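Just below is one structure, and these are the notes that go with it.
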Amino acid sequence: MSEITLGKYLFERLSQVNCNTVFGLPGDFNLSLLDKLYEVKGMRWAGNANELNAAYAADGYARIKGMSCIITTFGVGELSALNGIAGSYAEHVGVLHVVGVPSISSQAKQLLLHHTLGNGDFTVFHRMSANISETTAMITDIANAPAEIDRCIRTTYTTQRPVYLGLPANLVDLNVPAKLLETPIDLSLKPNDAEAEAEVVRTVVELIKDAKNPVILADACASRHDVKAETKKLMDLTQFPVYVTPMGKGAIDEQHPRYGGVYVGTLSRPEVKKAVESADLILSIGALLSDFNTGSFSYSYKTKNIVEFHSDHIKIRNATFPGVQMKFALQKLLDAIPEVVKDYKPVAVPARVPITKSTPANTPMKQEWMWNHLGNFLREGDIVIAETGTSAFGINQTTFPTDVYAIVQVLWGSIGFTVGALLGATMAAEELDPKKRVILFIGDGSLQLTVQEISTMIRWGLKPYIFVLNNNGYTIEKLIHGPHAEYNEIQGWDHLALLPTFGARNYETHRVATTGEWEKLTQDKDFQDNSKIRMIEVMLPVFDAPQNLVKQAQLTAATNAKQ
């Protein structure tokens, strides 16, 4: 019988689910495992600068390709990744965290090994990860190891949550039957309970029949749990007005004639706020009702006719249907409503915000102007990444072309996340279409947390756009508290020296301080082509911020001060 090592089995399985790049760092408990990656055609080891950045990169990759894998070493390595893994858990991103752990015999003898706490407890780090993992596995028996690997990959993909997999150093070189690879991992969702699903569909159909002014509200999990196609069909079939939340940016086509804008509670444009809150039926798809996603919980629906479609349950008014998955329920709903909506008379959606006329070329750059004009630079198929802070709020003012995907960590909000996410997303984009552009907007403060990963981009010849918004410090924190506090200040960097410092040869750097310089640069044909890595420093006033961020900061400060 043909056999392969357990380590090679893992990478063959990852290759089969199109997870072709693995992130992480080498450590003595995973070195033998990493040897096996190079035995599998088409697999790539990213080789990150540190484990936290690797976790961020795995998150960015998974958002584009459906799942990812990070490999760390026991203790010191895995713990360094946990902030990033927690963010993936919070934001519904499927990351398989493989940890190389000491051999089974070392654990049994409770040896006082390096990277331990010195107390003989080899399960403590596994237990730490359990609360931010959908499931965990610590392989102890080669006989069931392939099945456990398959289970972990399946769970990562189908639940869109991180999964922890511990692989002892002595097991990865042991053999397992190669024939197991002939049976693909089943990545399909289990069907809904037919009776519960039918009741959901019947109830929603009746609500739609009675509605005169329904709206669709697309949120984060419309993207994360793969119902973008179903959401588009629902838009096309019903012609209901459609809105997105900040976390829902990119979930629908913003060029669709029924698209009405971004709903953020009291932070919404007045006409958007009125349209959503006056609806008599709200079909909410994939909601994550966090503070920054809802304008500090300021939703003010006038109707109680709210249907929440989630990945693992559906809520209709006050009734919850556990275990009913939205993907199948939406498909059944689409089959059931053509007759119901045929006489629906479409309600007008709010008019698009017109882009202001050109300003004098020497006008200093401001956030409001930049975000409103950014759509002119974007093109179909772009991946846009916006860092926590001014970028995460400003991007809500930008109307996207068709098929633009957005990565914004609105819920977890770990500053510096997007540098690693840019690496992962760019590697994923390169595997899908080398011409696909990946564009990052990040503040000067956030960049300082994770800047090392730019060197990994250069190492792999990646060609992203990195827009550094230089407003001299942590602007979002200044707006919330301590506008002149020393702790919100940073050391200024020579940003345009970073690419050559990290060893770049084929690169461009630009500094933009006026609207004329912005327009000249972004309209340049060569600049529009992702032929090289680029860093663009955008010079902005110290306290300049999108108006929504100013308002959100006031709400957050008030929340923090409540007794």
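From the backbone N, Cα and C atoms, a Cβ is placed for every residue, glycine too.
Here is what Swiss-Prot records for this protein:
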type    : residues                                                                                       : note
BINDING : Asp28, His115, Glu477                                                                          : pyruvate 1 binding site
BINDING : Tyr157, Arg224                                                                                 : pyruvate 2 binding site
BINDING : Thr390, Gly413, Ser414, Ile415, Gly445, Ser446, Asn471, Asn472, Gly473, Tyr474, Thr475, Ile476 : thiamine diphosphate binding site
BINDING : Asp444, Asn471, Gly473                                                                         : Mg(2+) binding site
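Cβ neighbour count for Ser414 (thiamine diphosphate binding site) (all protein chains, 10 Å cutoff from its Cβ): 22. Using a 10 Å radius centred on the Cβ of His115 (pyruvate 1 binding site) and all shown protein chains, the other Cβ atoms total 17. Here the candidates are the binding-site residues Ser414, Asp444, Thr475. The one whose C-alpha lies nearest to that of His115 (pyruvate 1 binding site) is Ser414. When the binding-site residues Asp444, Glu477 are compared by the number of other CB atoms within 10 angstroms of each CB, Glu477 has the fewest. With respect to their backbone Cα atoms, Asn471 (thiamine diphosphate binding site) and Arg224 (pyruvate 2 binding site) stand 32 Å from each other. Comparing Cβ neighbour counts within 10 Å across the binding-site residues Asp28, Tyr157, Arg224, Thr390, the minimum falls on Asp28. The record assigns Asp28, His115, Glu477 to the pyruvate 1 site; their largest pairwise CA distance measures 40 Å. Across the structure, Ser414 (thiamine diphosphate binding site) and Asp28 (pyruvate 1 binding site) are spaced 29 Å apart at their Cα atoms.
Considering only the binding-site residues Asn471, Thr475, the Cβ with the fewest other Cβ atoms within 10 Å is that of Asn471.
Neighbour density for Gly445 (thiamine diphosphate binding site): within 10 A of its CB lie 24 other CB atoms from the protein chains shown. Cα of Glu477 (pyruvate 1 binding site) to Cα of Gly445 (thiamine diphosphate binding site): a span of 11 Å.
Under DSSP, Ser414 (thiamine diphosphate binding site) is assigned to coil, being neither helix nor strand in the three-state scheme.
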